[in-house]
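As written in Swiss-Prot, here are the features:
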BINDING   45-52, 72-76, 92-95, 159-162, 193-195  GTP binding site
BINDING   SER52, THR74  Mg(2+) binding site
DOMAIN    37-214  domain 'EngB-type G'
Amino acid sequence: MTDTIDPDLIERGRKMFAGDWHFIWASPSIETLPPMGSVEIAFAGRSNVGKSSLINALTGRNALARTSHTPGRTQELIFFEGPPNAGLRLVDMPGYGYAAASKAKVASWTSLIHHFLQGRATLARVYVLIDGRHGLKDVDLDILKTLDKAAVSYQIVLTKADQVKAAELAERVTATVAALAKHPAAFPEVLTTSSRTGAGMPELRAAMIRLLDERR
């Protein structure tokens with residue numbers, strides 16, 4: 001709810017994401033990562049959890065990040081950059097947990113993600129997207145352990161909130177917060193969003209503004 005957040009953060013977030021956001025880089029391997037510069041915020045999640053849709057909703061651009069009905073299609077780290085004065089990049093990470101992917105492909109994705117997480121000094125936070133209809137799964141808990149080990153700050157975002165009854169969503173948030181108590185790198189607040197309705201986007205933008213302020 002936006003009435004619990006500093007209105008200045010909400011407005012600054014709105015302005016920043018109303019600016020020019022564009023694709024700048026795709027990295028299929030650790031050797032092809034772009035030079036470090038701006039603060040980076042990454043989005044991780046199971047295949048088809050809605051990472052690309054969320055990035056599009058954040059920036060108000062329907063086709064900035066490619067969406068796909070084919071799980072596991074995103075096989076690279078995709079970098080987007082905002083207006084010059086924003087000092088921020090968004091990173092769309094490969095989806096995980098797609099059972100039909102080959103073992104070699106899964107190993108390749110896993111290596112790329114692990115090396116990126118452990119060696120990126122400009123990475124301020126990873127938003128781990130969880131399908132709000134289903135909550136945390138074992139494969140999600142595995143990536144949380146990876147983030148804990150890498151000592152990378154992360155926060156859970158429940159997606160597709162418009163497809164869940166309010167009472168059920170509240171229970172899911174409570175259960176997720178309880179689960180995060182076991183994870184030292186986790187930010188203890190859970191966000192809920194809907195890329196279709198735009199719910200939760202002002203709060204997510206404001207959270208990113210707060211992160212940028214902390215980095216300056």
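Even glycines carry a Cβ here, placed using N, Cα and C.
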GLU76 (GTP binding site) - helix vs strand vs coil (DSSP): coil
Number of Cβ atoms other than its own within 10 Å, given for LYS160 (GTP binding site): 22
Rounded to the nearest Å - Cα separation of THR193 (GTP binding site) and SER52 (Mg(2+) binding site): 13
